[in-house]
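Record features, source Swiss-Prot:
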- 33: active site (ACT_SITE)
- 36: active site (ACT_SITE)
- 90: active site, schiff-base intermediate with substrate (ACT_SITE)
- 104: active site, proton donor (ACT_SITE)
- 254: active site, proton acceptor (ACT_SITE)
- 267: active site, proton acceptor (ACT_SITE)
- 32, 87, 248, 271: substrate binding site (BINDING)
- 90: pyruvic acid (Ser) (MOD_RES)
- 254: site 'Important for catalytic activity' (SITE)
């Protein structure tokens, strides 16, 4: 899963790729890009759409989708609502009316779009919503086209979805997200109750990361259960979830979990110089603090970014629109300082919120972590 580079890049070139200069070290031989690219495509079901939608397609279709971005399917689980796939680089979830594809490293996620559109056509669905997003790359100079620059990513997306709109959440020279949305939802619709919680964490506790190194590849077994118990991952993904996980060789770990219509996924890069973990779920709750505290308890990061998407009819969306706390606010995390917060409303009641936190003890120190945010005073809403 590791890549290496000894190419010298000047600051302007790196900024053109909208990464941070903090992580660039030409003497560092191996650095894995933990922050993922994420693509979600939702179809509108019509009278002509296959009754099982996208889940009617066999695994060979999804192997083709994943192969087009230079990854492979490693394991699979399913329930009544979701097909879950752990990949060589992160995860794929397939539901009746949507695909969620999350890939790390130097995968070329946008190259999968033609295959995905073919899959939608095969089940006679209509394209309703597309979102592509990723946090700023830790090692942008290692990416492959069309991900070598923001301009190339944007041009590729506009080619496929001409009416889509781009957004940037956060300071361009540190922790931020690029988001592109295509919206063809016919409103008012019957229900808009989706939700998404994503966390990216840097500077992980070394007492935890030591568990995610191995001299061999280990798939879901008593051995991976022991890893989950030792790291307290089993407090995040408990026995009510159907899970499949992978311990990579020489290091790295991925887990997917599904329960009815909900999913959780985590991916871990444990190397000291680029330690990183990501977490995502669509689990329904009116307040995320309990879940986020469990995740932070596993990784104990020096800093983290949380991004939340709230549909108006979701439990957390209703709480937000009623002026209640939703569990991402700084009062829930006294050991961290809020550095920056961005909120955007895409459509009536549909909100995206991104918040950067840094551990309190590290605020006055120089942050040397890969792709690091500038330490500083607490920020407020934009």
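Note that Cβ sites are derived from N, Cα and C of the backbone, with glycine treated the same way.
Small disclaimer: the values here were computed from a predicted structure and weren't measured.
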- Task: Among the recorded positions 104, 248, 271, report those whose Cα falls within 10 Å of that of residue 90 (active site, schiff-base intermediate with substrate); none is a fine answer.
- Result: 104
- Inter-residue Cα distance where the pair is residue 267 (active site, proton acceptor) and residue 87 (substrate binding site), in Å: 11
- Query: Looking at the recorded positions 36, 104, 248, 267, 271, whose Cα is closest in space to that of residue 254 (active site, proton acceptor)?
  - Reply: 267
- Task: Please determine which of the recorded positions listed here (90, 254, 267, 271) has the lowest count of neighbouring CB atoms within 10 Å.
- Result: 271
